[in-house]
Amino acid sequence: MAQKGQLSDDEKFLFVDKDLISSTVAQADWSAKKMVWVPSEKHGFEAASVKEEKGDEVLVELAENGKKVTISKDDIQKMNPPKFSKVEDMAELTCLNEASVLHNLRERYFSGLIYTYSGLFCVVVNPYKQLPIYSEKIIDMYKGKKRHEMPPHIYAIADTAYRSMLQDREDQSILCTGESGAGKTENTKKVIQYLAVVASSHKGKKDTSITVSDPCAPLLFLLVSLPPPSPVTFGFLGATARWPLADSCAEGRRTERAGTVCFSPLLPNS
């Protein structure tokens, strides 16, 4: 966390505003109102304050419009204190429930913070626009740093895998999973970009001569390939560079049928 006023334009998309989180006024207001999460047809969940408890039911006042409604205790989910607002690792939440997780992701997303940790995982929300957080300057910020020393980023995941490979002398893998349009391809490219710059540093020179294949390459591969075992497996992204980064590749596995326009008669289970 850091002070927003002291951050550069690119760092504002990485660090959280510390002043808002440490506000004693917000903490006192949260405690006095007994804030909780209640179901909402429009938003999924919305904030409310507990007014009265009646057996298995609770009278709450909705924060958005002040309307009072009675709901079952089973439908209420606890809300985290303000100090957990936009938390970088959701495993740290005192109240770990669906509403709190979605709220934290939404808060971070609307603040331009698209990466969030969830324990060992890194959750990414596609911003559908270019963000200035993939420059060589940002790469240098994450190079050799432990995960907790920097805000969430795909570079931190890539660096952890790279350092583990050097230390343990064992192959490492990074799994990018999600629905179509979630940003798997772009984040795979960022992993390759990071490894290309970091791994090829030699005698003070950074080798950036890396080629990332076009996203359409998997489709062409499928058209000319013999049928592989189901599920269909295909090369997703490839990268090559001069020594010391000799070769790199990424593999994608298609496990769903919904996004497929048509199937080749040669493919099994088509």
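Cβ coordinates are placed from backbone N, Cα and C, and glycine is handled just like the others.
Quick look at what TrEMBL lists:
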- 31-81: domain 'Myosin N-terminal SH3-like' (DOMAIN)
- 85-270: domain 'Myosin motor' (DOMAIN)
- G178, E179, S180, G181, A182, G183, K184, T185: ATP binding site (BINDING)
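Distribution of TrEMBL features across the structure.
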{"residue": "G178", "record": "ATP binding site", "CB count, 10 Å": "12"}
{"residue": "E179", "record": "ATP binding site", "CB count, 10 Å": "11"}
{"residue": "S180", "record": "ATP binding site", "CB count, 10 Å": "8"}
{"residue": "G181", "record": "ATP binding site", "CB count, 10 Å": "10"}
{"residue": "A182", "record": "ATP binding site", "CB count, 10 Å": "14"}
{"residue": "G183", "record": "ATP binding site", "CB count, 10 Å": "18"}
{"residue": "K184", "record": "ATP binding site", "CB count, 10 Å": "20"}
{"residue": "T185", "record": "ATP binding site", "CB count, 10 Å": "17"}
Averaging the per-residue pLDDT over the domain 'Myosin N-terminal SH3-like' (31-81), what integer do you get?
93
Per DSSP, E179 (ATP binding site) is which: helix, strand or coil?
coil
For the recorded ATP site formed by G178, E179, S180, G181, A182, G183, K184, T185, name the remaining residues of the chain with Cβ within 8 Å of the site's Cβ center, in chain order.
N126
Counts by DSSP class (helix H/G/I, strand E/B, coil) across the domain 'Myosin N-terminal SH3-like' (31-81):
6 helix, 30 strand, 15 coil
